[in-house]
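Here the structure is laid out as structure tokens; the discussion comes afterwards.
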């Protein structure tokens, strides 16, 4: 068995990931809140649509491994970023709000994309995952369940990046208008429950107020913790949509990496490991996710994205409006009830 394409592929991916990580830590990237994850996929796409086809057979096995197994490992290790103590800091209000926003956003996206826009189901599911939970990381995690093609994943990530970036500029303006209706703590929960990416949530909070920033990040982390049960629900939903008779028992494919993700978060809550070791796991996790993003970019072709047309961006715009307007109404209502 020729193992060269595997190891050469991993080395190639590692080089791109290291470069993306370096660029993601520059002052320019910090100023414009451009994460290493986004840089990795952009680098991957740039290389993948230019010189990569000339030597793809020499590295393909390693690239595919990075896109699959390394991604799942990264999702599992993501649990070391969270503890259940985070939930107690923001209370029941944030938990209920996050759950309602996750479910409503996903099914709003699915209904709109599949029934009215007649879009590809896998693309709609990926977009719904990214908009309702934690952006690009959720899209990539959902890809492992849906088995979607690379160009569909890239389109979904593009939607998350574009409209999440738009949120960085619009939410601070909305805060000025909404101060008479909700306080800084409540607005933080609103940001955390409705903005796509963790980095975008932090950027918005920092641009407004420390209270907003802290509450928003914790609220967002609660949404991230809902990733595993969401993936289980998505797996069940995909099984139901396969056209199997209702009288037939359905075999639900369990994404075990999602179950392990919950297990790691629970374990991390007991604070049994030295902080230095947990920090190391988080750093390894970041590198694995960056690597899988690079692999995704390499296997994405611009021509395939063009074929998607305008419908994905129409879906992105309407979902963004739901997150901003519907999200505010949900948060305002919950704040009055709880």
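Quick reminder: no glycine exception, Cβ is built from N, Cα and C everywhere.
A quick note: this is a predicted structure, and the numbers were derived from the prediction, not measured.
Pulled from Swiss-Prot:
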| type | residues | note |
| --- | --- | --- |
| TRANSMEM | 5-23 | transmembrane segment |
| TRANSMEM | 33-55 | transmembrane segment |
| TRANSMEM | 62-84 | transmembrane segment |
| TRANSMEM | 94-116 | transmembrane segment |
| TRANSMEM | 123-145 | transmembrane segment |
| TRANSMEM | 155-177 | transmembrane segment |
| TRANSMEM | 222-239 | transmembrane segment |
| TRANSMEM | 254-273 | transmembrane segment |
| TRANSMEM | 280-302 | transmembrane segment |
| TRANSMEM | 312-334 | transmembrane segment |
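Counted over residue pairs separated by six or more positions, the transmembrane segment (33-55) shares fewer than 3 Cβ pairs under 8 angstroms with the transmembrane segment (312-334), which leaves the two as not touching.
Among 94-116, 155-177, 254-273, 280-302, 312-334, 280-302 has the largest number of CB pairs under 8 A with the transmembrane segment (5-23).
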